[in-house]
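Undergrad: Take a look at what TrEMBL says about it:
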BINDING   B:THR160, B:LYS186, B:THR197, B:GLU280, B:ASN404, B:SER409  substrate binding site
ACT_SITE  B:THR197  active site, nucleophile
Protein chains: 2
Amino acid sequence: MAVGNSPFPVMPPLAGVRLGSAMAGIKKPGRRDMVVIELPASATVSGVFTRNAFCAAPVSVAKAHIERCREQGQAPRYWLINTGNANAGTGKQGLHDAYASCKAVAEQAGVAEHQVLPFSTGVIGEPLPMERLLAGITPALASGADNSQAWQHAGEGILTTDTRAKGASVTTKVSDGSVTINGITKGSGMIKPNMATMLGFVVTDAAIEQSLLDRLLRETVEASFNCITVDSDTSTNDACMLAATGTGAAIEDDEDIAVFRDALQQVMTSLAQAIIRDGEGATKFVTLQVDDAESRQEALDVAFTVAHSPLVKTALYASDANWGRILAAVGRAPVADFDVDRIVIDLADVRLVEEGGRAAGYTEAAGSAVMAQDEITIRISLGRGQESATVWTSDLSHDYVSINADYRS
Amino acid sequence: MAVGNSPFPVMPPLAGVRLGSAMAGIKKPGRRDMVVIELPASATVSGVFTRNAFCAAPVSVAKAHIERCREQGQAPRYWLINTGNANAGTGKQGLHDAYASCKAVAEQAGVAEHQVLPFSTGVIGEPLPMERLLAGITPALASGADNSQAWQHAGEGILTTDTRAKGASVTTKVSDGSVTINGITKGSGMIKPNMATMLGFVVTDAAIEQSLLDRLLRETVEASFNCITVDSDTSTNDACMLAATGTGAAIEDDEDIAVFRDALQQVMTSLAQAIIRDGEGATKFVTLQVDDAESRQEALDVAFTVAHSPLVKTALYASDANWGRILAAVGRAPVADFDVDRIVIDLADVRLVEEGGRAAGYTEAAGSAVMAQDEITIRISLGRGQESATVWTSDLSHDYVSINADYRS
């Protein structure tokens, strides 16, 4: 199940970027489960990673390799991604396997080991099936191409319980010509990122120096992947990567930075929302907009408290205009000295709550009409300040339980 | 669905305490939905209430009436409880209705208005059906009795989505004779208390002065009702009341206080656990024991993070020894500087995690054997200090979704 149509977009080729994939039998036979993304030597690369204390072996290795590349003044040249196995909770063996995977790619591609970054997603705690993974590297490298289909195959090759590949592409004009940003992402459960999402891989042909690229990634992730939640569970493997290949226009002056930032935010937000639209068992795509908070953190706290409430999520699933549950969730948010008389809650354009209780003009019919829709906006004004936050979430359905009672993640 | 057998216990009579109930048609016709508990004029009464900012009208009125009784040196004499309607999110009308309900009981019983404390549970945001509620007061008062059946009827008359009445009784010897503690509770969803639970009503015949009674209630609730969670949602109406009628032995010296405290803790813990055993859709009763934490708060944070994880809860439902999800949940708990190599996780007597990954001796067969049981203990040692906490929770099943997608709470 998924909310809305999201056909995979056409992805323009990016010079020097090739995407290969293979069916290595890691997840199950007959489906793409390994992806190799090749970047040119001119690329600059930034990454943000999970804050889960039990971070997976590939997260540790990717961070170490990025560090090493920076020390050596070399570009990370290959992103090696497998699904079907997260290589998390696997201790020393897991680290050994992640390093060995990078080494195998490096040898076949003729780059240094630290120029290969590993990413894994799937079941936690099982050792990586190294024989099958290593056997998949040759065909994955050999299939490398820069066309839109290669991007789509890569998008398919990183999925776990996702029902569809997720991509976004924006081309925008800057002073020195135009730049393109292509991205793919995966994730539909264990989604409450903290610092990054499940897996996101974004590449632009723009030329952007390292510290600016780092900042742009951090800022755009903050308002996209860090503002979505399916089930409040942060994964051990979350990572979002951004590469600027430098083959296209340079992004240097303030105006170009602003234009590029907007385009990048558009790609990031579109990818993040695609995860929620494909949330496990999702039948609704819900936007929580909290306004008039004292701080952005306060606005986020309220939004996530409502977004995580199983009772709100089941009411959304039932298309039940159960505003009492929204009110109860807002009321238990970790905010000191709430003045409930100042809180206003709207369901789309229908006022639910004001002056501490049900809004005078509210009718069940009006509320139900909104709740029957697939895409719903809940707007909560706290009446305390000027800050806002927007969070996206899905509902809690029978299918969510089925998927997670059946699937070993 | 509910976990384990929990027959309603035999409740010894307490002098001067009478329990009446009625079928007022507030929830639905033909079931008890109103309860009146009468206390003697010698009673001392303590209460703890929800910290939800949108607290319900009866919570505000009960607190105000307790305050008034203390100022006047009078005992609260009646607890008036209805199910089927929470009188929450009802603004000024809700307050008016709560006061009017108390007034009606006061007039018929010949006490002051502030000697009546109101409690409501059920759907949020609908006005109280006052005509039916007021009509129920006379039969509820008339049916007042002190026998065990009256306690059981009262236990039934406060339920919402609960599948069974929940009671506990302990009689214990103290220096001046013996004392009895009887309690009933309700709740099975919207359960993540903060300061109190859904509704709990506990009465003892002991004689205990006000400040000691306040302290004993606070302390025993902290380790019982405040350590349970079904779905992380704190209600607008949570309240736990404790009355000491003073008709029995006095609890004054340190030794008696310790004995009484143990007995009270036993009643509170038994009632709190009964809520989890009857958690919405529950098929498992799960104990989360966190040890070797730096502080009790840290231990509670880890326990609740695991207890609230939808992925852990669905794995429990599936009887799937998916220790990776437990590890991932522990890893995202809000604890600074986790050293994952020191964390040890046991499922009953089976070691799951040590040294940052799966324990060396772990076998899937051993894990699955534990997960197949109805009652499961997960023990997490953080290796950071001396503090502990125990939290009880249930699993997340299809029935939880069905109950909450169908029920208007």
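From the backbone N, Cα and C atoms, a Cβ is placed for every residue, glycine too.
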Undergrad: Filter the binding-site residues B:THR160, B:LYS186, B:GLU280, B:ASN404: retain a residue only if its CB is under 8 A from a CB of chain A. Output in sequence order; output 'none' if empty.
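TA: The answer, in sequence order, is B:ASN404.
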Undergrad: Note down the number of other Cβ atoms within 10 Å of the Cβ of B:ASN404 (substrate binding site), including every protein chain shown.
TA: 29
Undergrad: If you count CB neighbours within 10 Å, which one among the binding-site residues B:LYS186, B:GLU280 has the smallest count?
TA: B:LYS186
Undergrad: Taking the Cβ of B:THR160 (substrate binding site) as the centre, count every other Cβ atom within 10 Å, in any protein chain shown.
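TA: So the Cβ neighbour count for B:THR160 (substrate binding site) comes to 22.
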Undergrad: In the three-state scheme derived from DSSP, which category covers B:LYS186 (substrate binding site)?
TA: strand
